[in-house]
Amino acid sequence: MNTLRKRKLIDDSSAPHINVRSRAIKNPRRLKKVFIFLIILAIFVTYFLGLFAGQSQWLDGLAKTLGYESVYHHAVIIDAGSSGSRVLSYKFRVPFTVFGRANLDLVDEYFEQSKPGLSSYADDPEKGAETIVQLIKKAEFLTPPEKRRNTMLIVRATAGLRLLPADKAHQLITHVYAAISKLGYDVGPDSVKIMDGSDEGIFIWYTVNLLHNLMGGDTMAALDLGGGSTQITYQLSEGDYPLYPANDQYVVAAGNNITLYTHSYLNLGLLAARYGVFRMEAEDNNTSEFVSICVDPIVQKESWTYGNKQYSISGAKRENSMKRMTVYKACHALVKRYVLATLDWEPPHAPRGTRAAMSYFYEVAADAGIIDVMTGGVVTVSAYRSSAVRACSAANVEQPWACIDLVYIVSLLQDAYKIGDNEPISLFKKINGHEVSWSLGLAYTSVMNKLAAAEP
């Protein structure tokens, strides 16, 4: 997607000026009739344009009834995340339109995932590339063979590869590129690469607002929590521009051009933060055994894998008299210290308007019973905190990380993002039957850009 850095618009003062001279009017009655006719014509044209521009779906339905042949475009995206790899294959339709360029309608998609993530194959890049090929083959049924040569196949690695040594990441990228180039899709020189955190935030924002039909209106803020990093993206008002770093501001097309703030925080993904807190408690000692106040004492030497390494986690001893809130406060103080130490930029205020959150925000809430696992719902920081207080004093060996994960989400939302206790946050896994992933935003903008480049 072509994003433009925020820039000031300069008024065009080079347009020619018209010198209007007064003159005598010989037939005022005739001129009045002409003037009335022009007013009526202007009203009619304005109404006609507004009517049809606002009823594109109705026009499209009518066109299909009259035999309009729809044009379809496909895209295949691989999300090579830190905790797993996912393939999302999309089928778009170009609707009939009278005025301006048509948007794309998403008519079908396929989703599949595999674990572990691509970064887990840092020492065996050939095997890692094969896991990506297998995902693509599972999704190939959605793209007709005759369409594949013109179907973009894009692989984007996220925080998992960002955290690897550069040479290890490069080997994975090279092997994946070589493997997918043989599959018959449209694979270009930039088809496989590590994704910028800002792109990750912008594309998930596109996805949420496209699926809610909010482009061109009041948009939703998008909060995405992955395993290695987290992104926050929302629309800025003009008065907000001076409050945010210029490098975090992007002008994007959303009906009209609007300015987004987006920031990606490396090492503040859920799994990275969990590891960071454990290490902080161990005073950064080079150890594979951690003892944490954020884990119940019933959990002893629990095996946990992070960054291709095995760790042993145990809960710290507690006094029998320790109350629920005391355990929560001790854990929160530790987690907050890690969050504030890891933040490389602290936004001045919470995102305004409605907020959408996804990925681990959703999964942790579903595991805690805050939302329905199938339909999602609306949560608050207060609801996360109440669940955290319960989890931090519950002997739950089946969910040994419930306390630390819930406390971390409370700290991220409130201490970092400045969201108040009772401000609503909508959690989504799917919207209108479609997976909520930055992959859709990337696929949509890539196909639109390709169509625009093909126009004469």
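Here the Cβ of each residue, glycine as well, is placed from N, Cα and C on the backbone.
As given in TrEMBL:
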ACT_SITE  GLU200  active site, proton acceptor
BINDING   GLY227, GLY228, SER229, THR230, GLN231  ATP binding site
TRANSMEM  34-54  transmembrane segment
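Separating the Cα atoms of GLU200 (active site, proton acceptor) and THR230 (ATP binding site) is a whole-number distance of 9 Å. The ATP site is defined by GLY227, GLY228, SER229, THR230, GLN231, and by the 8 Å test on Cβ atoms against their centroid, the other residues of the chain that qualify are SER82, THR158, ALA159, GLY197, GLU200, ASP224, LEU225, GLY226, SER264, TYR265, LEU266, LEU268, GLY269, LEU270, ALA272. Counting other Cβ atoms within 10 Å of each Cβ, the lowest count among the binding-site residues GLY227, GLY228 belongs to GLY227. In sequence order, SER82, THR158, ALA159, ARG162, GLY197, GLU200, SER264, TYR265, LEU266, ASN267, LEU268, GLY269, ALA272 are the residues of the chain that are 6 or more apart from SER229 (ATP binding site) and have a CB within less than 8 Å of its CB.
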